[in-house]
Amino acid sequence: MKGVYGLRKAIIAGNWKMHNTIDESVKLVEELIPKVKEAECEVVVCPPFICLPKIREITEGTNIKVGAQNMYFEEKGAFTGEVSPLMLEKLNIDYVIIGHSERRQYFKETDQTVNKKLKAAFEHNLIPILCVGETLDEKENGVTEEVVSKQVKLGLFELKEEQVEKLVIAYEPIWAIGTGKTATSEEANEVIALIRSTVKSLYGDKVAESLRIQYGGSVKPSTIKEQMSMSDIDGALVGGASLKANDFSAIVNYK
């Protein structure tokens with residue numbers, strides 16, 4: 001991907017959500033390793049928490065990076081059922097998805113919670129993938145721009161320039177997640193350009209042009225090539241298609 005200040009390396013991440021036991025996860029990654037070893041983009045898999053230690057172990061020495069799907073913002077304490085950024089850091093996890101629409105929708109995560117998680121991730125050497133996007137109602141009411149730019153501004157509140165440069169943002173229109181509906185490449189690119197413009201207004205040209213922004217929402221082998229040809233799309237956050245080695249490797253090897 002071409003940025004004004006140099007190349008932005010494409011990043012394609014698979015979000016497995018609440019799928020795959022440890023054995024199933026190992027089988028999937030063992031199938032993936034030879035299929036994606038020549039990939040020109042950065043490849044990330046995000047398995048469920050219990051699978052992270054094993055997946056971290058078997059991806060060692062490969063070009064596959066490992067991400068978590070979520071984390072809490074406190075380092076430790078009486079927070080039953082939560083996983084801390086320190087725990088992920090000690091596992092040498094590379095990335096962490098923050099603010100996924102399912103977290104916002106089902107677990108009532110707010111932009112303020114997302115902001116705390118972003119800060120905690122950076123404190124523990126994790127690169128966050130910040131998810132933003134609008135619902136079908138918001139899209140139909142013509143407030144996509146307002147909703148998405150607000151999520152970006154509140155999510156990035158008080159983050160430093162050097163942190164935002166490392167960050168990945170994923171634009172995932174909520175109406176296109178798991179529905180089989182996909183934003184057209186032009187629609188996705190338009191909103192992603194808006195996200196970049198919002199970051200530019202907060203941090204300036206250099207940061208905005210260095211920042212990688214993915215599209216997420218029913219990404220498939222049949223849609224990826226066109227999506228990746230767009231000027232502002234730097235990668236994909238892949239859901240269902242990341243659970244099949246053939247599909248995910250076809251997406252990763254889109255060129």
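Placed from the backbone N, Cα and C atoms, the Cβ positions cover glycine too.
The model shown is predicted, which means the values in this text are computed figures rather than measured ones.
What Swiss-Prot records for the substrate site is Asn15, Trp16, Lys17, Ser218, Gly239, Gly240, and among Gly61, Gly178 the residue it adds there is Gly178. Across the structure, His100 (active site, electrophile) and Ser218 (substrate binding site) place their CA atoms 14 angstrom apart.
Sequence-distant neighbours of Asn15 (substrate binding site) (same chain, 6+ apart, CB under 8 A from its CB) are Cys46, Gln69, Ile97, His100, Gly216, Leu237, Val238, Gly239, Ser242. Sitting within 8 Å of the Cβ centre of Asn15, Trp16, Lys17, Gly178, Ser218, Gly239, Gly240, and not among those site residues for substrate, are the Cβ atoms of Ile177, Val238, Ala241, Ser242, Leu243. The two recorded residues, Glu172 (active site, proton acceptor) and Trp16 (substrate binding site), have Cα atoms 15 Å apart.
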